[in-house]
Amino acid sequence: MLNHDEKQLIKHAWEKVLGHQEDFGAEALERMFAVYPQTKTYFPHFDLHHDSEQIRHHGKKVVTALGDAVRHMDNLSEALSELSNLHAYNLRVDPVNFKLLSHCFQVVLAVHLADEYTPQVHVAYDKFLAAVSAVLAEKYR
């Protein structure tokens, strides 16, 4: 999966996310809804307008969960087990949506980290978020 250097890049970049979880999460969700409007079907009860309290709250939950994954990179299955159960059995979210949100989150990182979002950081986050998406989709099999 990730080598030592990639893990260090992820952890270092994550330090820039801390304190901005709600903003980054809301921005990623707003991007996902704009670029992939079919994802809105999973949020029929949400106010999907820019800067809505519901999007901000859920965005913070998403990015907080990613922070847990960053802290437990070597054991993602255990760290994300409850979240995987929730999305597979209760919410029944199509697993392709994890990849869509991952892509949008990477765009948010690139915008906010600017020059610090190097190609190496991009590759590391691409691999990391693909692993997170795969773990979240494990219960669908």
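Glycine too: its Cβ is placed from the backbone N, Cα and C atoms.
Under the heading heme b binding site, Swiss-Prot lists HIS58, HIS87. Summarising the annotation, Swiss-Prot assigns domain 'Globin' to 1-141.
Per-class residue totals from DSSP over the domain 'Globin' (1-141), listed helix then strand then coil: 114 helix, 0 strand, 27 coil. As a whole-number mean, the pLDDT of the domain 'Globin' (1-141) in this prediction is 91.
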